[in-house]
Amino acid sequence: MRRAGRSRQFSSVEEAFSTSAARPGRRGRRSGRENTAKFVPATLSASTSFSRIEGISSRSVTLASPGSRSGSGPRSGPRLGPANRSTSRYRWVPAAAGWTVGVIATVSLLGSVSPLIRYLIKVPREFINDYLFNFPDTSIAWSFVLALLAAALTARKRIAWLLLLGNMILAAALNVADIAAGDNTAAEIFGENLGFAVHIVAIVLLVLAYREFWAKVRKGALVKAAAVLVAGDVVGILVSWGLVELFPGTLARQDRLPYVVNRVVGFALADPDLFTGRPHVFLNAIFGLFGALALIMATIVLFQSQRAENALTGEDESAIRGLLELYGKNDSLGYFATRRDKSVVFAQSGRAAITYRVEIGVCLASGDPIGDPRAWPQAVDAWLGLCQTYGWAPGVMGASTQGARTYREAGLNALELGDEAILRTSEFKLSGPDMRGVRQAVTRARRAGLTVRIRRHRDISPEAMADTIARADAWRDTQTERGFSMALGRLGDPADGDCLLVEAIDRDGSVVAMLSLVPWGTTGVSLDLMRRSPSSPNGTIELMVSELALNAESLGITRISLNFAMFRSAFEQGAQLGAGPVARLWRGLLLFFSRWWQLETLYRSNMKYQPDWVPRYACYEDARLIPRVGVASVIAEGFLVLPFSRRDKVHTGHHPAVPARLAQSGLLHHDGSAPDVSGLRPERTDAEEARSRLPEQVRVRLAKLKVLQRNGVDAYPVGCPPSHTVAQALDADDQQDITVAGRILRIRDFGGVLFAQLRDWSGEMQVLLDNSRLERGRTADFTAAIDLGDLVEVSGQMGFSKKGTRSLIVTDWRMIGKCLRPLPNKWKGLTDPEARVRTRYVDLAVNPESRELIAARSEVLRSVRQTLFAKGFIEVETPILQQIHGGATARPFVTHINTYDMDLFLRIAPELYLKRLCVGGVERVFELGRAFRNEGVDFSHNPEFTLLEAYQAHADYRVWIDGCRELIQNAAQAAHGEQTVLRPGADGRLQPVDISGIWAVKTVHDAVSEALGEQVDPGTSLSTLRKLSDAARIPYRAHWDAGAVVLELYEHLVEDRTEEPTFYVDFPTSVSPLTRPHRSRPGVAERWDLVAWGVELATAYSELTDPVEQRRRLQEQSLLAAGGDPEAMELDEDFLQAMEYAMPPTGGLGMGVDRLVMLITGRSIRETLPFPLAKPH
């Protein structure tokens, strides 16, 4: 919804929410929450508006910079990393002053509480107090003031510099006055001169180091803090006055009230000699304690008011929610940025923000920046500028890998903090040995009668939500709600309607446990709150998590972020077998601390769900700051609770941090609800930035497209069939009206006459545009709108140009497709083979040879089908996804079906399913389809290929010798008009080779014998074959039998050297598991391979129909698979059961159609496939 009361109206959502980063801003002292309104952005664009790294080791301590960031824009302001600190020669002054005052504060405190220390330091304390610096004997209040001053000096606070400088000037003036009095002893004169010299040196150094004290103090409730201080001092004075009246000691009555005021309020700065007498010694410490308590309370109130005054405003939260809607898809902790006790700083562009909290001088950022990742560096710069402005030490808790890299680029270092547990709901299941513990816990909870209810917060009534909040408070095991970077800290807020509540309900209908989860983008949830009743049964949490994961699809959830496990890798590595002593010691130390902080419990409670572990990092500026950042994190997360601390659940901020233009847009809501960002498209890059990266010709064409659109021309209209193809138009009568459509390849402009070359699938023709013949517009309009590559539709009549070229005389034309990228060279086309593969569409558009190859492939496929149909075969389709990989020996591709939670294989061959059809009585059957083998890619292999398998009942492998030859010869006839194939000639050009007639047939063993010059037959021993292989330098494996060695010899010595098409028959039985043994020759199977010019084209079997023998052979294959052979076939019980119903004697053929096309066209497989697999860039 939009809110009324805007200061102005914007024409679009994009205009209001976008902010230009073109005007570089200054960071430094102008970059902070209080100064964000001073940024004046330029004109806005839709894509820079309110509009998302890799390679970090989970154990890395320092993240390497990946280099430049595309589109991030220039950094504004100086870097604040350790290497970019002040280089002034006085940069040491703040630390030295802080340490000096801090030492005095520490000694003063010890002296105030210990009489022994007070006695030991009496002489130096009196000298310092008299001549150098205020150092009363006992004043806890003064010690606290000095401690605050020391901390402020170290943090380079300007106000601390001013106070210390004023103190030094006043002390120097007092020394001058004492020296001028002239009634001092020699010791006093020495002390006064020494003190004056020290004061002058300190004053000079402070003045020279003025620029080193740049830090400001945040706005806070000074009046409220002063009131608390006055009230505390008044109470302290009254109580102290009463005590001194009860225990006056020797203190005179008229001096008692002034003495108390000096000790409680005046920090005992007045000389004790001014008062008559002394009270009891123990009262001085009590009086100073009262003063210190008043100061402490006032300081806490001031700090709390600073945090509350500068916390999220409603507009800030509304802007953050808008950024989350546009860019929060990948940040599981992003929603926690809406926590209202945090502060926020925005990038100058308004496209990113960082939420943070200040504890003990550490500005602790909460996780990753929110918003557009391209604007993250700007947000980090603004945040570091804020730290510099107020003298805070920067720190980050819970950054992701991408976020940690961004912080690293800004000068911080990163340390692995732990891992976040992410459940992928599509992969979650209760089955399997790894989930046994969860499965048993869920079973126990269900037996106890528990059920689970899942609702969105918006669907819960106010009364029910009140009960939920009461239960959450009652079941909390701590006094306060914990959390900072990974907790929301509130329940029942109307703005959190998308949050998810999961409840466990017992048999009586009572809620016994609950989970509250915040949105993570649109398809995820992130755990915020987990509570359970002490009376809930074991397994309650496991039941809720499991039910949420198992029912996630109905809720539109694909991922769940569970708890965060600190030091997960240390627990895991230290428990591994063979872990080193350091890993075991570190794990033991963590186990010890787990007694109090549940480190191991959180790890194990997440690990049982088998989640994905995503590392999270802590970032810091300097290693010396790690302890301080750690303590600040402990305080922020609520493990260390400071007095009077509170965590606000409502908006307390009064200083909006959103950029002024965004705040004035009227789109942000004061109640913190999300703005209307439906008109924004976050996935789009900045238009100007994107256009600047495009080639010039593309930008020119885009500009023409915009001109056409402005003129009302649809550059991509609805299709209308042309009356003629180009080929038909060239043969048409001159008086016939003709409409053709195609792509413009060339344009020649002669002023009033224009010639263009137009191509469609059937061919090319010249079109002639003459101003005198055009019915609408002029040739200039054509040249202004049309570029090479554009698709146009032209109408007219056929005629001739002056040079006698047959042309279409155009009377009308229209654009039917604007080409935004230029075509390759009009004469050479695409010459790079890799480019032709990757941009096949361009190759087809400009290269006639590529079109001819596509057409030839189509003719081959059609011929194969027609030949088989003519023989009475029927075509079928069998499953491509198979549960068992079989039918051939090859490595399969593996995928997974979530519904049945099982692996499936892309088929390597359709053979086993086709044979099932043969069992069923389909006597002549074939399939022409895709098969997949996870093997090499080269000139003749592609992982995805077209395979023909055909089976003919009552036939054998000899029948398919003639059948296969006929298939190939018919295909060549269809492609070339004659039974020829193309082969490279002596000059490298393709020449036709006749393949008509009968082809040669040889046995495998005879062919191997010819190649070796030694006789080899099925009875040749394995040892002899090995010797022959060694002599021929053919490698083999030790576990191969004689058949495998013969096959290896055949592949190297015969197949690779074959030229003319040849059938090699009778392969060894051991390498043909699905083939019947030869009817008359033992040791070989009835199988042949067709080889031509070194490439295997087809294979055929007399199929093995004996189910007993088939089972034995497949069992042998399954043993090989179990032994680790990835290519061996698995045992398919369903296929074997089908074979037991008897399959008729059958001859089977398998042919690689891609290789057939290669043979006929003389091209490689990459050239003949429309889209071969190409290695990614």
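Any Cβ shown, glycine's included, is placed from N, Cα and C.
Per Swiss-Prot, Mg(2+) 1 binding site is recorded for D1089, E1096, and the stated evidence type is similarity to another entry. Taking all protein chains in view, 17 other C-beta atoms sit within 10 angstroms of the C-beta of E1096 (Mg(2+) 1 binding site).
Feature annotation from Swiss-Prot assigns Mg(2+) 2 binding site to E1096. For the recorded site, E1096 (Mg(2+) 1 binding site), the DSSP three-state label reads strand.
According to Swiss-Prot, the compositional bias 'Polar residues' annotation covers 8-21.
Residues or ranges marked as compositional bias 'Basic and acidic residues' in Swiss-Prot: 681-693.
The average pLDDT computed for the region 'Phosphatidylglycerol lysyltransferase' (1-676) is 75. Annotation comment: Swiss-Prot describes 1-676 as region 'Phosphatidylglycerol lysyltransferase'.
Taken from Swiss-Prot, the feature region 'Disordered' applies to 1-40 (among others).
What Swiss-Prot records for 61-85 (among others) is region 'Disordered'.
Residues or ranges marked as region 'Disordered' by Swiss-Prot: 673-693 (among others).
Per Swiss-Prot, region 'Lysine--tRNA ligase' is recorded for 677-1177.
The feature transmembrane segment is assigned by Swiss-Prot to 93-113 (among others), with sequence analysis given as support.
The transmembrane segment annotation in Swiss-Prot covers 135-155 (among others).
Annotated transmembrane segment per Swiss-Prot: 159-179 (among others), in sequence order, evidence recorded as sequence analysis. For the transmembrane segment (159-179), same-chain residues at least 6 beyond its ends with a Cβ under 8 Å from one of its own Cβ atoms are 94, 97, 101, 131-134, 149, 152-153, 188-189, 192-193, 195-196, 199-200, 202-203, 206-207, 209-210, 213, 217.
The transmembrane segment feature in Swiss-Prot is assigned to 189-209 (among others).
Within the chain, the transmembrane segment (227-247) has long-range Cβ neighbours (under 8 A, six or more residues past its boundaries) at 256-257, 259-261, 263-265, 279-280, 283, 286-287, 290-291, 293-295, 297-298, 301. Residues annotated as transmembrane segment in Swiss-Prot: 227-247 (among others).
What Swiss-Prot records for 281-301 (among others) is transmembrane segment, and it gives sequence analysis as the kind of evidence.
Here the Cβ of D1089 (Mg(2+) 1 binding site) has 21 other Cβ atoms within 10 Å, regardless of which shown protein chain they belong to. A Cβ distance under 8 Å defines the sequence-distant neighbours of the transmembrane segment (93-113), meaning residues of its chain 6+ beyond its ends; these are 121, 125, 128, 133, 135-140, 142-144, 146-147, 149-156, 161, 164, 205-206, 208-209, 212-213, 284-285, 288.
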